[in-house]
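Read the structure below first, then the notes.
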Amino acid sequence: MKGKFLKVSSLFVATLTTATLVSSPAANALSSKAMDNHPQQSQSSKQQTPKIQKGGNLKPLEQREHANVILPNNDRHQITDTTNGHYAPVTYIQVEAPTGTFIASGVVVGKDTLLTNKHVVDATHGDPHALKAFPSAINQDNYPNGGFTAEQITKYSGEGDLAIVKFSPNEQNKHIGEVVKPATMSNNAETQVNQNITVTGYPGDKPVATMWESKGKITYLKGEAMQYDLSTTGGNSGSPVFNEKNEVIGIHWGGVPNEFNGAVFINENVRNFLKQNIEDIHFANDDQPNNPDNPDNPNNPDNPNNPNNPDNPDNGDNNNSDNPDAA
């Protein structure tokens, strides 16, 4: 389904039915389609402190479905201790576009990387520098961990509304994943319908750059699709979905009024994409001895103690010249 764009006081609102203002003075929702999946990269390696837009000329970004999905379960509360625990990597995003400044959410998952939605990065129109990130933002006057400017964008190769954003270090040469501890990703082996979850981000119907948490339950789970019964609004795009262990199980994208909100579920395909593109991303089971991806697992082919590793001097492979028993 495609959204209709209606002009309201020189601002644009994307919705399937009616134009709805969704924030302080002039915040609106924007929809967009996924573009190509190729990385967009700039040449800069160090950034200036990003300019922070304030006031009412901010427009929340939301997916092509609907901007505001307030369900009967509207259990939303503000997080004021934003630098504590799993809240710290939750990030306020601004995208400076020709049509205005748009707001969204994301979550830091690596030394210099963050996850958000494809439709959020589409608002940059190919210019990564247009996207600014403020991890742990408290309000529009309080950014305890400063701001960072994007330098590269990589979109998920599948259908899911997911994108990776890489950032330049700040003026102190600190990376975004050094000023906050990156979030832990769930392996989702035990994730199922009816489990309690939270979605944490920066909704556009609340004061600018304030973090809010919504509580609810998973109602549907299949492939990369996850649905839940909690409420969100424009600006929540890219918010992390946490399980009860405070691990990220998905990335919120939007919803359908009176029905559900939804996220890209981190299933095996998504997990493989993330591991291929984010070297230091951490999944909850990575440290388990039996995890084949754990470098200390003796069965991991990259483990130097694995008898089948060609670099192991005890490997009887004929090609290992360091093994005296090799033919």
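Every residue gets a Cβ built from N, Cα and C, even glycine.
Swiss-Prot annotations:
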- His119: active site, charge relay system (ACT_SITE)
- Asp161: active site, charge relay system (ACT_SITE)
- Ser237: active site, charge relay system (ACT_SITE)
- 40-54: compositional bias 'Low complexity' (COMPBIAS)
- 286-327: compositional bias 'Low complexity' (COMPBIAS)
- 33-61: region 'Disordered' (REGION)
- 283-327: region 'Disordered' (REGION)
- 289-315: region '9 X 3 AA repeats of P-[DN]-N' (REGION)
- 1-29: signal peptide (SIGNAL)
Distance, Asp161 (active site, charge relay system) to His119 (active site, charge relay system) (CA atoms, angstrom): 7
PLDDT averaged over every residue in the region '9 X 3 AA repeats of P-[DN]-N' (289-315): 64
Neighbour count (Cβ, 10 Å) for His119 (active site, charge relay system): 25
Distance, Asp161 (active site, charge relay system) to Ser237 (active site, charge relay system) (CA atoms, angstrom): 10
Ser237 (active site, charge relay system): secondary structure state under DSSP, collapsed to three categories: coil
For Ser237 (active site, charge relay system), the number of other Cβ atoms found within 10 Å of its own Cβ: 35
